[in-house]
């Protein structure tokens, strides 16, 4: 029981030392102390935004869009495949009601051929070989093509991955310090930017899908018809962007335009009048398409469409052959810059909505830390004094254990890269409470055993053994609670749970194992006849 | 040097004698708490109801002009704000509800405009105001946060009860769970009564209370279990009193040390931790009380006695002996 062979002592001290060393950079930071030498490793503890200040934004994707977009794409593919089949297969109008495509094959004899053509298009690209679409033929000639759940989920998954990448690229362009961008759940992205206290800029940047299109203006549409929402077949009405120069809406050809996703660069610049614009450079394929479009349509206007809104609709004065173009549309320097960043980092495959936003001013953050640390110091000193006054030498052992415990928790959190938040401090208080409690339990038990007349070594042994049972039970229940909180809880509750779980493990180590080693050393060396406890 | 002793050696307080009156008082308090929660309601923060919250400090004045501020912001035409002091008298939180049932993009726009208008209004009318933070939570997220928070709480409580049932006896699991429900109820009652803001951080505080109360309960239970094995013939009431008395020095010592940290956090720590530390401090009183007066007496009524731990062990012993062919 009180036997600690050398190898065990070395091992325990080693573990303690590692924990404490890991905490040193964090202590340096929390003390607001000087710079940390760059050649040393510096696993600092992350401070949550509620402590350090900064912006937290939760984005939610409109996953229903994925379904629509896939349906649209499938419609195009089906039309093209059947048209290009040999012999061409004629179909009636494709309806996209109820989330599925349905159309008639005109000639009954071609039903099998149509199925042959369509079948390869329904297979997933994934390795699992799952089917992304199902084809059903009803009433002999009517085809129904509907997406499978597995295919849809995979598509949402892909869209979310891409969206997360795009968000990361855009935020990186802001040049902020250590942003955190992580996917959360099926359809959400968490963005945390420490130190940024103006989330408007961030939101402006992330709110843009940045889907850029160049579409020909349908000049046959009469303004009076457009106002009533009537357009020629093959065209659609798009509104002008709020800050664009035009008013109202304009009719554009649905097909035949160019997608702006074949860009190699986008930069904010100025036009000859000094107004901010965005200069874009196409890649080879995009440049070629752009050249063809502009060559064939000289003298006609084309609309520059961003996220379904028309920025401007200039006339094509001459073919644009160099693969470079400029986008104008009533920009400010900031909005042109934001658009350039968005275009450079690619379009979001899916719209993102801000569903939660939290900002903490840096003043408050710094203030919180200072006050929080001060409070914990003062409270801590009171506890240490009290422990010493109550248990003397044994209280001192407990105190050293508590101090080491705090350091080791900090060290482990820093090493694991976890984040300390305000509720985390609650976890800290509770952990210190249980660590103190463990020593109180042990020491009270030793007092009791002495009172009952046990001899010194025996009293200590029994004290540790008997107290340990309650300590273990109490701590296991708390760990169970902590794990469940971590699994089910969100945000702050997780912050609490992490500290709790780490803290309980370390507090048992420091409060029970380390103090026992010290007590054993004391008993061996001094062989006291009585205990002052 | 003489060492401090908070509880004299031969303390023998007959706690359990008053178990019935205290149980009645506690049940009344629990009912009252739930009554307060149902009638007053909890002052839910934006975490749980959605909306905008702006926190501000009036750096140059000692007290925030709450009434003026309320009129000013109501005058902006976005509805009446809920303005509360928190922490220092010159620190306020301003909450605004968002209209429900609209397209989320529209609400988001409105929320942005609202916040900008309020911040601009404050900065022009009150020189020396410092905006400390802006939280904006959509209705969907807030109801999710509420659900996951409650789910986490429930799951934790159930798992704890099961563990105690396995480690002790089912009666102890019931007792611990009852004590936890008691503590959580009273804490909720306190929040309903004082109308302190109830947000996610407070849920974390309640979890800390649960953890603490549980610690207390288990220490007492462990001693009861030990004494049940030691003193086979002792009447249950006497045995419980003995166990509570034996653990009393520890109970008081631990409560005091934890309170020391919490009181420091309440009065020296940042304003944001006040409600949170106050909740845990309250929970420590309630938790200590409930381990003694709720968790222990219930064992008498659930008919725990010295046989509770014996039969299963001796049965197992017997089976083992049978297996070894000794009987």
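Along the chain as shown, the residues are counted starting at 1.
Here the Cβ of each residue, glycine as well, is placed from N, Cα and C on the backbone.
Source: prediction; values computed, not measured.
Residues or ranges marked as domain 'Protein translocase subunit SecDF P1' by TrEMBL: A:160-219. Taken from TrEMBL, the feature domain 'SecDF P1 head subdomain' applies to A:238-350. Per TrEMBL, the feature domain 'Protein export membrane protein SecD/SecF C-terminal' maps to A:351-514. Per TrEMBL, transmembrane segment is recorded for A:372-389, A:396-416, A:422-442, A:470-489, A:495-519.
Using a Cβ-Cβ cut-off under 8 Å and counting only residues 6 or more beyond its ends in the same chain, the transmembrane segment (A:422-442) has close neighbours at 48, 50-51, 368, 372, 376, 380, 383, 387, 391, 394-395, 397-398, 401-402, 405-406, 409, 463-464, 467-468, 470-471, 474-475, 478, 492-493, 495-500, 503-504, 506-508, 510-512, 515. Away from its own ends, the transmembrane segment (A:396-416) comes close to residues 16, 18-27, 43-45, 380, 383-384, 387-388, 428, 431-432, 435-436, 439-440, 443, 498-499, 502-503, 506-507, 509-511, 514-515, 518-519 of its chain (Cβ-Cβ under 8 Å, at least six residues beyond either end).
DSSP assignment over the domain 'SecDF P1 head subdomain' (A:238-350) gives 25 helix, 40 strand, 48 coil. When Cβ-Cβ distances below 8 Å are used as the criterion, the transmembrane segment (A:495-519) is approached by residues 2, 4, 8-9, 12, 15-16, 19, 48, 394, 397-398, 400-402, 404-405, 408-409, 412-413, 416, 418-424, 426-428, 430-432, 434-436, 438-439, 442, 460, 464, 468, 471-472, 475, 478-479, 481-483, 485-486, 489 of the same chain, each at least six residues removed from its ends. Remark: secondary structure over the domain 'Protein translocase subunit SecDF P1' (A:160-219) totals 24 helix, 18 strand, 18 coil, with classes taken from DSSP.
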